[in-house]
Amino acid sequence: MRQWRPVMLLSRWQLSVGVFFMCIMNWAHLVICCSKSLSFNGSVHTFVNCLDLPSQGASIGWTLADDASSTQGYYELELAFLGTAPSESGWVGWGLNPSKPQMAGSSVWVAYNAANGSTLLPYKLTGATLGGAPLQCSPVDYVVKAAAVQISGVAMSMLLTLQLNASMPTTLYHVWNRGPSVAAFQPSPHSMQANDLNTIAHIDMSSGLQSVQSPSSSTQSLKNRHGVINTIAWGILLPMGVMSARYIKPFADPHWFYMHMWMQCGGYILAVSGWATGVQLLRNSHGLVYKKHKNIGMVLFALSSLQVMALLLRPKKEHKIRKYWNFYHHSVGYALIALGIVNVFIGLNILGAPAWTRHALICSLVALAAISILFECITWVVFVNGKRKECEMRARSANSNAPHKETNKDTFGPTEHILRVV
C-alpha cells in the first residue's frame with residue numbers, strides 16, 4: 001500500500017489542476033464567446049449562428065432560413081443584437097448595408113429607454129445625417145416581420161425578423177454603434193474614439209465568417225497628416241506671425257516685416273496643403289461629410305488666399321486709403337486665427353485624437369497668449385514713453401524756435417514808470 005500512495009496523491013493533484021483549468025476555460029468561453037440561446041422578454045430564442053463583433057463588446061446571434069424559393073422571392077433572417085450603451089439614458093444601434101462598408105445608406109434600428117418605456121425605432125442613414133443633420137425616424141429598405149427590444153440598465157438588445165430579397169447576397173455589411181443620450185426621438189452623435197469608429201463588419205450569414213472593415217491604412221495616414229499639418233499651421237505658425245507683426249515692430253523696424261511675411265507665407269503654404277488633404281478625404285468619405293468642419297475650412301481657405309493677394313495691392317504709407325487697408329488686413333487676420341483654432345479642435349474631435357493632443361495644443365496656445373500679454377504690456381510702455389518724449393521734444397523745439405522780443409530803451413516796466421511819474 002505504501003508504494004501506491006505517492007502515485008495516488010499525484011493523481012489527485014493532477015486531477016485538481018485539470019478540473020481548475022477546465023473551469024477557467026469554461027468561464028472564459030462564457031465571457032468571451034457569444035451565446036446561441038437568448039432569453040428575450042420571458043421566452044428563449046435559439047439561433048444557428050452567433051458571433052462576437054470586434055468592438056464595443058457587442059454580439060449577434062442569427063438564423064438564416066434556407067427555404068427561400070423563386071416563387072417567394074425572399075428569405076428570412078432572424079437576428080438578435082446585444083450591445084452596451086454608455087449610460088442608461090443612452091442608445092445602441094445595429095443595421096445593414098447591402099453593398100458598401102459604410103454607414104451612409106445603411107438601414108439601422110436604434111434601441112433606447114423612452115418616457116413610455118423601451119423603444120426600438122428604424123432610421124435610414126444618409127450622407128446628410130452623418131454630416132450633422134438631425135437623425136429622423138424613417139422607413140428602411142427591409143420588410144420587418146417582427147421586432148422586439150429588451151433593456152436592463154445599460155445592457156440593450158433587439159430581436160428582429162427581416163425579409164431579405166432572394167437576389168441579395170448572404171454576405172452583408174453590418175454596422176453598429178452607441179451614444180450617450182436621446183432627445184425628441186433623435187439619438188445623439190456617437191463618440192469619435194477609435195473603438196467607436198471601428199464598427200463595420202462583413203459577415204457571411206450562411207457560414208458565420210466575418211472580416212472587419214476598418215479604415216484603410218492609407219486613409220488613416222491621410223487623416224493624420226491632415227490633422228498634423230493644420231494644427232501646426234493654424235495653431236502655431238500663423239499666430240506667431242501675427243505676434244511678430246504686432247510686438248516686434250517697435251523694436252526691429254523694418255525686420256519685423258520680413259519675419260511676419262515669411263511666417264505667414266509658410267503658414268499659408270501649410271494651410272493650403274492641409275486644405276488639399278481635406279478635399280481628398282472628402283472625396284473618399286463615401287457620403288460621410290462633417291459640414292461644420294468643411295464649411296469653416298472653405299472659409300479659411302478663401303479668406304487666407306485673399307489675405308495673401310491683398311499684399312500685392314497694399315498701398316504706400318502716404319496713401320490716404322492705407323488706414324482702411326490696415327483695418328481690413330488686421331481684422332481679417334485676427335478672425336482667421338480665431339476660426340482656424342476653432343476648426344483645429346473640431347477636427348481633432350472628428351479624428352478621435354488622443355486627449356494629450358488637445359492638451360498639448362491648449363498648452364501651446366496658453367503659452368502664446370501669455371507671451372502676447374507680456375509683449376502687449378511692454379509695447380504699451382514703450383508707446384507711452386515714446387509719446388511723452390515726442391511731446392517734450394516738440395515743446396523744446398517750439399521754445400528754441402520762438403522769436404526773442406527786444407526791449408526799447410524808451411519803454412519801462414510798471415515800477416519804473418511809476419517812479420518816473422513821481
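All positions are counted from 1 along the displayed chain.
Note: Cβ is positioned from N, Cα and C throughout, glycine not excepted.
The following features are taken from TrEMBL:
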| type | residues | note |
| --- | --- | --- |
| BINDING | His226, His260, His293, His329 | heme b binding site |
| DOMAIN | 56-179 | domain 'DOMON' |
| DOMAIN | 186-385 | domain 'Cytochrome b561' |
| TRANSMEM | 12-32 | transmembrane segment |
| TRANSMEM | 227-245 | transmembrane segment |
| TRANSMEM | 257-276 | transmembrane segment |
| TRANSMEM | 296-313 | transmembrane segment |
| TRANSMEM | 334-353 | transmembrane segment |
| TRANSMEM | 359-384 | transmembrane segment |
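Here the transmembrane segment (257-276) has Cβ contacts under 8 Å with residues 226, 229-230, 232-234, 237-238, 240-242, 244-245, 248-249, 297, 300-301, 304-305, 307-308, 311, 340 of the same chain, all six or more residues outside its ends.
Cβ environment of His226 (heme b binding site): Gly274, Thr277, Gly278, Leu281, Gly347 lie under 8 Å away, each six or more residues apart in the same chain. Under DSSP, residues within the domain 'DOMON' (56-179) fall into helix, strand and coil as 4 helix, 71 strand, 49 coil. Under a cutoff of 8 A between CB atoms, and with a sequence separation of 6+ in the same chain, the neighbours of His293 (heme b binding site) are Asn343, Ile346, Gly347, Ile350.
The record assigns His226, His260, His293, His329 to the heme b binding site, and the maximum Cα to Cα distance across that set is 28 Å. Taken together, the residues of the domain 'DOMON' (56-179) have an average pLDDT of 85.
Taking the binding-site residues His260, His329 in turn and counting surrounding C-beta atoms within 10 angstroms, the largest count is reached at His260.
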